[in-house]
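A.B. asks: Structure in structure tokens, see below.
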Amino acid sequence: MSLTDILSPSDIAAALRDCQAPDSFSPKKFFQISGMSKKSSSQLKEIFRILDNDQSGFIEEDELKYFLQRFECGARVLTASETKTFLAAADHDGDGKIGAEGINLFIYN
């Protein structure tokens, strides 16, 4: 399964266009534009599984900086400040990584 099986390719493209400039990435806005904020919990878990590059069950900081590239291979890498801000917002237990539940809570809050 790929992200385009769950999300519209045109929505993904629009979300990526919105954050092309360095330090312009807003996770909440990206989730809204891409359509992720309208998906069910089970669909978000599948998206999370796809985004979890090493299939560890978590998205760590090293994976998070390549978040946009998981949607399109030519997309930019998140800046260090964007990565840290995203991680801090979605890491609800402070362990330095995001679990599927953390991303669900972040999207829906």
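Just so it is clear, glycine is given a Cβ too, placed from its N, Cα and C backbone atoms.
These came from TrEMBL, pasted as-is:
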type	residues	note
BINDING	D52, D54, S56, F58, E63	Ca(2+) 1 binding site
BINDING	D91, D93, D95, K97	Ca(2+) 2 binding site
DOMAIN	39-74	domain 'EF-hand'
A.B. asks: Could you tell me which of these binding-site residues, D52, D54, D93, has the greatest number of Cβ atoms within 10 Å of its own Cβ?
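C.D. replies: Top count of Cβ atoms within 10 Å goes to D52.
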A.B. asks: Using a Cβ-Cβ cut-off under 8 angstroms and a sequence gap of six or more, which residues of the chain neighbour K97 (Ca(2+) 2 binding site)?
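C.D. replies: Same-chain residues close to K97 (Ca(2+) 2 binding site) (Cβ under 8 Å, separated by 6 or more) are F58, I59, E60, E61, L87, D91.
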A.B. asks: By a simple count, how many Cβ atoms lie within 10 Å of the Cβ of D91 (Ca(2+) 2 binding site), its own Cβ left out?
C.D. replies: 21
A.B. asks: I need the most crowded of these binding-site residues: S56, F58. Count other C-beta atoms within 10 angstroms of each C-beta and give me the top one.
C.D. replies: F58
A.B. asks: Give the sequence-ordered list of residues that share a chain with E63 (Ca(2+) 1 binding site), lie 6 or more positions from it, and have CB atoms under 8 Å from its CB.
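C.D. replies: Same-chain residues close to E63 (Ca(2+) 1 binding site) (Cβ under 8 Å, separated by 6 or more) are L51, D52, N53, D54.
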A.B. asks: For D95 (Ca(2+) 2 binding site), list the number of other Cβ atoms lying within 10 Å of its Cβ atom.
C.D. replies: 11
A.B. asks: Would you list, in sequence order, the residues of this chain other than D52, D54, S56, F58, E63 that have their CB within 8 A of the centroid of the site's CB atoms, where the site is the one recorded for Ca(2+) 1?
C.D. replies: N53, Q55, G57, I59, E60, K97
A.B. asks: Quick check: which same-chain residues outside D91, D93, D95, K97 lie with their CB within 8 A of the centre of the Ca(2+) 2 site CB atoms?
C.D. replies: F58, H92, G94, G96, I98, G99, G102
A.B. asks: What does the structure give for the C-alpha distance between D93 (Ca(2+) 2 binding site) and S56 (Ca(2+) 1 binding site)? Integer Å is fine.
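C.D. replies: Counting only the Cα atoms, the answer is 17 Å.
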A.B. asks: Measuring Cα to Cα, how far is D95 (Ca(2+) 2 binding site) from S56 (Ca(2+) 1 binding site) in Å?
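C.D. replies: Checking the Cα atoms of D95 (Ca(2+) 2 binding site) and S56 (Ca(2+) 1 binding site) gives a distance of 14 Å.
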